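Copied from TrEMBL, the annotated features are:
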DOMAIN    2-121  domain 'Bacterial Pleckstrin homology'
């Protein structure tokens, strides 16, 4: 992923070794990162047990929200891809017990299709 893609907010796949190292304090014993996708500041991390959404907030990015979603709690998901004049795709996750979906903006990238494929593989049937 080039610098221009990063600045435009295109999601790209991150190194699982680096993410495993960075997320070691957040992972359960024996849990490992399968794949991770990120934009400039935010991450979507797939582990062998759950989905972790990372949202860095504020100007400096020091305030960070980690949202952990066990795959079994994801009831439904959708992807609205970016059109010709749209700047970003939109991922929606419906979680059991929550009336409204969790919405993440992904930017224009082929990574969004990979994210949907991973959700389809990991959510219970």
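Yeah, the Cβs are placed from backbone N, Cα and C, and that goes for glycine too.
Secondary structure of the domain 'Bacterial Pleckstrin homology' (2-121) per DSSP, as helix, strand and coil residue counts: 29 helix, 50 strand, 41 coil. On the 0 to 100 pLDDT scale, the domain 'Bacterial Pleckstrin homology' (2-121) averages 84 in this prediction.
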